[in-house]
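Enquirer: From TrEMBL, here are the annotated features:
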- 13-33: transmembrane segment (TRANSMEM)
- 97-116: transmembrane segment (TRANSMEM)
- 136-163: transmembrane segment (TRANSMEM)
- 184-211: transmembrane segment (TRANSMEM)
- 298-319: transmembrane segment (TRANSMEM)
- 326-347: transmembrane segment (TRANSMEM)
- 367-386: transmembrane segment (TRANSMEM)
- 406-427: transmembrane segment (TRANSMEM)
- 461-489: transmembrane segment (TRANSMEM)
- 545-567: transmembrane segment (TRANSMEM)
- 573-591: transmembrane segment (TRANSMEM)
Amino acid sequence: MVSVILPDLGTEILIPVCAIIGIGFSLLQWLLVSKVKLVPSPAASNNSGAAGKNGYGDYLIEEEEGLNDHNVVLKCAEIQNAISEGATSFLFTEYQYVGIFMVAFAILIFVFLGSVEGFSTKSQPCTYDPLKMCKPALATAGFSTVAFVLGAVTSVVSGFLGMKIATYANARTTLEARKGVGKAFIIAFRSGAVMGFLLAANGLLVLYITINVFKLYYGDDWEGLFESITGYGLGGSSMALFGRVGGGIYTKAADVGADLVGKVERNIPEDDPRNPAVIADNVGDNVGDIAGMGSDLFGSYAESSCAALVVASISSFGINHEFTPMLYPLIVSSVGIIICLITTLFATDFFEIKAVKEIEPALKNQLIISTILMTVGVAIVSWVALPSSFTIFNFGTQKVVKNWQLFLCVAVGLWAGLIIGFVTEYYTSNAYSPVQDVADSCRTGAATNVIFGLALGYKSVIIPIFAIAASIFVSFSFAAMYGIAVAALGMLSTIATGLAIDAYGPISDNAGGIAEMAGMSHRIRERTDALDAAGNTTAAIGKGFAIGSAALVSLALFGAFVSRASISTVDVLTPKVFIGLIVGAMLPYWFSAMTMKSVGSAALKMVEEVRRQFNTIPGLMEGTAKPDYATCVKISTDASIKEMIPPGALVMLTPLIVGIFFGVETLSGVLAGSLVSGVQIAISASNTGGAWDNAKKYIEAGASEHARSLGPKGSDPHKAAVIGDTIGDPLKDTSGPSLNILIKLMAVESLVFAPFFATHGGLLFKIF
């Protein structure tokens, strides 16, 4: 046993303290956001002429233009309450259905894993060292079930809290836009930071406490301890799947319905209060892009940690019971919280946003600063928390690894994430030629817009895949599957910052919608549109991070599964593996078909309802009658709850059916096939949808001579752009983001059930 600089006591203090600091910082950000009051306050406008923060006076635009500030604030508060109530109602309905699944699946985990040794309570020879005795399989079954429930609950809470802060902040962002784009930016970003830090810190703290509680029973059986911890990742991703699919169907049914009837047929602005689907659309931003994304990235974090811990437990760290090196993945995440805290201050305190053009660079700088600082942080952590030399389990052998090699594994994942982020930005931001070319193609109609958009999406896959491939090669060469797991963790180590800039997008989008519905001036809407356009790009960057990390996470889980299922080699030339490979490659297409059709059928009902209201409610188009928002909210809710079950069942049942009837070799082929094809489709779908959305906004904003030649709103090129955006909506917000959960979830589920599949699987091949 080689000693490390950081003592075990230091590790026991460092991890929970960093998590508590993260929670404290998120609460501080929430406190600062809450200072913007949703009640009329005459005192707030007495500073006319005084220079406020970010170069703007604290006067209100309404005062200049003679608008009634009192009514505007009350209207914003009323709209925010409607959005919050709709989002809360949907999530509670969704969680009721998901709760039933959670209980049923928890029972399944216990029964399947307990049956491996016939529900015996006697100690068994360890899998990787038969000379040692380990805890019975029944104990692993029980603790895996508990870990699954903990992961699921943490995922649900993460998504719900994110939604609550987003709906709390959207109207406040709108009101701050009256004072300047800089003030609105700070409120939106701080609100995103609340979600980012709460999720990162809660995930870390719950995982750390779970490990220590389980350790009381397992003692020196670290192999069994960390095998049971894998249930935590499974629980997190299971909830994320339903959150992403259900939320994605909800938001896009409303968005497509609102756009097709409102903007294309009736030629009214986006988020116009006359549109019956407008509240459902704004609710959807929160339940899909906020709650769904939060659960998704929490699942990635939990799974990459679990994959690293499983491999480490059968390496020298676990064999020699070295506590600090064993928890190296958690120490990296702990330092990541502190780094992200410092990075956040650059956006909210150290620098000022004074103009619209500074918004996107400020968000990009968050990625650059956090990556540079985290590289230094990981170097220090690798020096103090790892021995200079150690061994890592590598498919039956122990590979000697140096601490600097493991640092490079984390760093390569970290920088690959940054590359993916920048490539995503290049292909989805309307500041660059790819999106401008898509906008220009709208001159000749929707067909050429669709062709250009699809081509852009396919092309945008190239560099991210090379970045992922390079990080896989480097990390595997240095530290086998453990290297890939910590590379994924490196990509997710700045998760708090990533989520902050991701959540910023939907909050800004809602803020613009509230400004339109409250009848605020055109100048305010221009500011919220600028915030929203930058948010579209950051949302695409967030999805790029999620997909890239999912690829690395699922590969690490795949490696852990192969080791746990005692498969010596995965030979693609054997029929058992090849049939799995080709079926696995088909699954993302099947899944995408189900989710796309779900959005289509839900949107069809929404379009019919919106048309019905415009045709039957007298005075609706004139603005003298109020639309029936509640019916549209109900259509989205009912459709998403009903339609999320078949895609979810496809993902959850595939590993069970393949493992039980075809065995672990075929299942390994399915996992490899779904990983390879799923990553490509996910990146392409997300970027295509993001490009179409920003091409539409490019025309609407009319910020350049080229953009003005394509506009204004209501022109033929604009209508073509709206159609492209409508097609892209389910691609970027439903199918694309859900695919990364598909490849992770099937891998972690296979890992959890690996002992059962290895013992009782392959029934068909045994019969024949």
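Glycine is treated like the rest: Cβ placed from N, Cα and C.
Tell me about the surroundings of these features in the structure.
Expert: Panel annotation: around the transmembrane segment (13-33), residues 6, 165, 168-169, 172, 187, 190-191, 193-198, 200-202, 204-205, 208-209, 327, 330-331, 334-335, 337-338, 341, 344, 496 of the same chain, lying at least six beyond its termini, place a Cβ under 8 Å from a Cβ of the stretch.
Panel annotation: around the transmembrane segment (97-116), residues 137-138, 140-142, 144-145, 148-149, 152, 156, 231, 234-235, 238-239, 242-243, 641, 645, 648, 652, 752-753, 755-756, 759-760 of the same chain, lying at least six beyond its termini, place a Cβ under 8 Å from a Cβ of the stretch.
Sequence-distant contacts of the transmembrane segment (136-163), counting only residues of its own chain at least 6 positions beyond either end whose CB sits under 8 Å from a CB of the stretch, comprise 87-88, 91, 95, 98, 102, 105-107, 109-114, 116-117, 119-124, 195, 198-199, 202-203, 206, 210, 214, 217-218, 224-225, 227-240, 243, 286-287, 290-295, 298-299, 302, 499, 503, 752, 755.
For the transmembrane segment (184-211), the list of distant contacts is 15-16, 18-23, 25-27, 29-30, 32-33, 36, 53-54, 147, 150, 154, 157-158, 161-162, 165-166, 168-169, 172-174, 176-177, 225-226, 229, 232, 236, 290, 294, 297-298, 301-302, 305, 309, 327, 330, 333-334, 336-337, 340-341, 344, 347-348, 353, 359, 362, 495-504, 507-508, 511, 527-528, 531, 535: same-chain residues at least six beyond its ends, Cβ to Cβ under 8 Å.
Within its own chain, the transmembrane segment (298-319) has Cβ neighbours under 8 Å at 128-129, 151, 154-155, 158-159, 199-200, 203, 207, 211, 222-223, 225-227, 229-230, 232-233, 235-237, 239-240, 325-326, 328-330, 333, 390-393, 398, 480-482, 485-486, 488-489, 492, 495, 546, 549-550, 552-553, 556-557, 559-560, 563-564, 740-741, 744-745, 747-748, 751, counting only residues six or more beyond its boundaries.
If one looks beyond the transmembrane segment (367-386) by at least 6 residues along the same chain, the residues whose Cβ comes under 8 Å of a Cβ in the stretch are 4-6, 11, 324-325, 328, 331-332, 335-336, 338-340, 342-343, 346, 403-404, 406-407, 410-411, 414-415, 417-418, 421-422, 490, 493-494, 497-498, 501, 541.
Only residues 6 or more beyond the boundaries of the transmembrane segment (406-427), in the same chain, are considered here, and those with a CB under 8 A from a CB of the stretch are 328, 332, 364, 367-368, 371, 374-375, 378-379, 382-383, 386, 434-435, 456-457, 459-460, 463-464, 467-468, 470-471, 474-475, 478-479, 482-484, 486-494, 537, 540-541, 543-545, 547-549, 552, 686-687, 690-691.
Long-range contacts of the transmembrane segment (545-567) within the same chain, counting only residues at least 6 positions beyond its ends with a Cβ under 8 Å from a Cβ of the stretch, are 127, 227, 230, 233, 293, 296-297, 300, 303-304, 306-308, 310-311, 314, 393, 395-396, 413, 416-417, 420-421, 464, 467-468, 471-472, 480-482, 484-485, 487-488, 491-492, 498, 664-665, 668, 671-672, 675, 679, 682-683, 686, 736-737, 739-741, 743-744, 746-748, 750-751, 754-755, 757-758.
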Enquirer: Are there residues at least six beyond either end of the transmembrane segment (573-591) with Cβ under 8 Å to its Cβ atoms? List them, or say none.
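Expert: Result: 647, 650-651, 654, 658, 662-663, 665-678, 681-682, 735, 738-739, 742-743, 746, 765.
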